[in-house]
Each structure stands twice: as structure tokens, then as C-alpha cells.
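Copied over from Swiss-Prot:
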- Asp14, His202, His204, Asn238: Mn(2+) binding site (BINDING)
- 5-267: domain 'Pyruvate carboxyltransferase' (DOMAIN)
- 392-522: region 'Regulatory domain' (REGION)
Amino acid sequence: MPNRVIIFDTTLRDGEQALAASLSVKEKLQIALALERLGVDVMEVGFPVSSPGDFNSVQTIAKTIKNSRVCALARALPADIDAAAQALAVAEQFRIHTFISTSTIHVESKLKRSFDDVLAMAVNAVKYARRFTDDVEFSCEDAGRTPIDNLCRMVEAAITAGARTINIPDTVGYTIPSEFSTIIETLFNRVPNIDQAIISVHCHDDLGLSVANSIGAIEKGARQVECTVNGIGERAGNCSLEEIAMILATRKDKLGLETGIVAKEIHRTSNLVSQLCNMPVQANKAIVGSNAFSHSSGIHQDGMLKAKNTYEIMTPESIGLHRNNLNMTSRSGRHVIKHRMEEMGYHTDDFDIDSLYEQFLKLADKKGQVFDYDLEAIVFMATQVAEDDHYRLQHLSVHSDSSEGVATATVRIKVEGEDLTEAAIGNGPVDAAYKAIARASGREVEISSYKLSAKGQGQDALGQVDITAKYQGRTFHGVGLATDVVEASAQALVHVMNLICRADKVADIKSQIQFNREHAGV
């Protein structure tokens, strides 16, 4: 049995299902490139038949990624498999991942078929997918609640049909480690052709057991783990990639297994996914949480000073989180900032040093010392602005009357090269700023959620504002970042306005395509 575990990342497919708003193609490509640097073996990047947008993003990523195998999901239906194959055809190497439900409750209540019918559909789907590639993966959806006799039959039939990877999902996170590992062990004992396929597991975290179940399965012979960065995913999330990777690295003495993960890329990738997906990592999250390497107990601190391994089973540096003893202030030169970005794992083509240094100096003048998370926040926001350039917030000033709770805001916004200035009165500074921006843009939106979080520590920390807004029946998510809360709030709304503008352009293009189709040959 091989001593290497294949890491199958599904951040861009299963992970994206947890997001309030879908990622853009550019954002998905950023994450895909980060996953490639991280060293994932396979990345599942979408469900092409689900929408033209998903098809386009899968195709774009498939064209770009060279060192990881790109995979797309398809139900056990010819149309789904056709869409996946067409989107992936541009890739140097690709996998089609097809699936069907196998548990009694799914077969009877959702599919309304007999198990034998479902078995035949699975076999036909695998055979059909093999027309396009030798790398076909088959998943038994809700395997954790599937009668073991049926599961053994399904796995044997799928392997015979040509599946080279068989995935056993705990779709609803129901099993406990002893149960799940027994399922894997039983498959190895009872399926006669099991040696002709890699056994994979895909565990959800509804009971907080996804990582434990995956490790239990590995101990019984599974050699692929499906996971996501930061454990994001539907409901309570998926098995966490960084936890699986570091368990296997840290406990190689016990498990004797390895992966192809470049551990020093973990922190950087986690931060990128958190920022782009607007899903903050909880402070006590294993491996990548802000407290993961913090020691506040006096006894622990004393031990750490004497020998770090008294209370650290891995180092921050091992995941790319460097302890920085260099203070970055307005007196720091451009080369210092460039060097620090490279120390944090960024490549020179990930950021524009001139733009970064300009924003760094502005921030340093405001808050004195600038920290790593400040630099990363500036880089992240630069990607947002670069993508959404229809509206630009040029100036914002606010005056508040604390006695009456009334505020006046004046904004200057650049709209496709033209400066527009508007003022408004509101119930507080944020409300006033929003009304002024609405006037300048000519769009009235409904704010359905508003969230403020600190990016750093202390009173001079950067503030991130995340809003969800509704406009003409559609939902948009915006983010803004600044040392001033009102400015961050204004930037978040401008971000929403740009997303609306982009959506309108896409709708116009779709309408034109539809018109051309309807009038072709007329």
C-alpha cells in the first residue's frame, strides 16, 4: 500500500457553497494558483453544468493550472459529464468526478428509484466518463448511512466500470471515527477488486469529527482525503486541509505517511481564502488561528523561553508564519517592504511594489507601525479595486451633530473618469455616507447585513466592513478596509455598486446573445 496520501482540495466547489456571494472568476483563479503553490494533488474547481459562470471558471482554471490535476463535478447523467468534459478539455491533465446517492433514505426519498436502478446509473456514468479520460472518480453520496452490503456492491461495480478513485463521503457528518474506519476496513476486506482503485474519503464536520474520521480512514487504508482550506464548506464545513496536512507531517512517527503539501504555503493560502471568501478564521482554529502559536500562561511562557518544543509541537515558521522582529514605519524603505512580503511567502508578481509602498506610507503616517496583516490587507484590497473600476471613492468628509444624532456627509466619486460630488444628511455618519453615495451612483440599495471586524489589535487597527445589499431582487456582497470605520463602510458600498455595474453588463451581454440567437437567419 502506498505511503503517500493524495490531497484532493474542494475549496472552490464544496467550499464555495458556504459563501453568501459567489466568487468571481478572477478570485477563483487566485485561489487556484495558491492551491497549486500549496502542492495539492487534485483541485475540484466547480460543477460546470450548474451555470455558465461555473463552466467559465472551470475552463479558465483548467487552462492555467499546470502542476495540479484539475477536476470538475458531475452527477451520474450524460449531460453533466459532457459539460465537465468540455470545460476541462483545455487542461493538460484532468479528472471527472461523478456521483450518485447510495443511502436508503436518498435512494427512496430523493431519487425515488430502486437500488439496482441506481447501481446501473452509476456504472453507466463511470463508463461514459471514461470516454473522455482515464482519470474518473466515483462517489457514493451519503456512504456513511448506506447499508454496507449495498456499499460493497456499488464500489465493486464502479471499479469494474473503470473508476480509478472511489470516494466514500460522510455527506452529513453523521458517523463517528470507529464507525467510519470500520466502513473503510470492511470495503478492503470484502470488495475483491479494491486494489484496482484509490480509496478516498470526504468527511463533513456537522459533529466536529471530519478530521478525526479522515485520519481513522487513512489508518485503515484510504489514500486520498478530500478537504478544504480552513475547513470551509456547506453547513458546518469540511475536513480541514491544513489540519490533515500537519497531522500527517507532525505525526509521521505514528502514521508513516506523507503528502505533497508545501507546508510553508499554508498560512498564506489560509489568509487568501479567508479574505476572498469573507470567512474570518476563528482565533482558536488549529494550525491557522491567530492564537494557534500564542502562549499566555506564565508557566508556558517560561518553558517556551527555555525550549520552544516544551509547548510547541510545530513551529509557526513551518506553516509560513514568520516571527517578525523588524518594525515597519514610515521611515522603512521600499526594499524593506518588498523583503517582508517575500518572507511572508508572496512572489513579486503577486503585488505591485510601487502601489503597495504608496499605500503603506499612507497607513504608516496614520498609525505609526505597520504589521504583516496590514500589508496583506492592502494587497487584498488592491485586487478588489483593480477588478471593480467603474466607481472610485475619491474623497469622503463627515460632520456629526452628537446632540441630535444627525450627520452630514460629502463624497466625491470618480465615475468612468468623471468626478461627481454629492452630499446627504443621515441618521449617523455611516447612513449619511451611504445616502450620498447612492445619490452619486444613482442606485438605491437595501442593506440587509452589516459587519465590522478588526484586522489587527489596538485602537489603530484596520477595520474591515462587510455588507450584504439587495438591488432589484439580486444580492451583492461588498467589503471595505480602512483605519476609519466610516471610510471602510463607504468603500464597502462602493464595492457593491461596482458589483452591480458588473452584473448589469453581464446581463446586457446575455440579452444580446439571446437576441442574436432568436433572430439568427431572419
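Sequential numbering from 1, following the chain as shown.
Glycine residues also receive a Cβ, built from the backbone N, Cα and C atoms like all the rest.
Because the structure is a prediction, the values reported are computed rather than measured.
As a whole-number mean, the pLDDT of the region 'Regulatory domain' (392-522) in this prediction is 81. Secondary structure at His204 (Mn(2+) binding site), as computed by DSSP, is strand. Around the Cβ of His202 (Mn(2+) binding site), 30 further Cβ atoms fall within 10 Å across all displayed protein chains. Take the mean position of the Cβ atoms of Asp14, His202, His204, Asn238, the recorded Mn(2+) site; other residues of that chain with a Cβ within 8 Å of it are Thr10, Pro169, Thr171, Cys203, Asp205, Ser210, Glu226, Cys227, Thr228, Gly233, Glu234, Gly237, Cys239. Long-range neighbours of Asn238 (Mn(2+) binding site) (same chain, six or more residues apart, CB within less than 8 Å of its CB): Thr10, Asp14, Gly15, His202, Cys203, His204, Asp205, Ser210, Glu226, Cys227, Thr228, Gly231, Ile232. The helix, strand and coil residue counts that DSSP assigns across the region 'Regulatory domain' (392-522) are 47 helix, 58 strand, 26 coil. Residue density at His204 (Mn(2+) binding site): 25 other Cβ atoms are found within 10 A of its Cβ, drawing on all protein chains shown.
Its Cβ placed at the centre, Asp14 (Mn(2+) binding site) has 23 other Cβ atoms within 10 Å.
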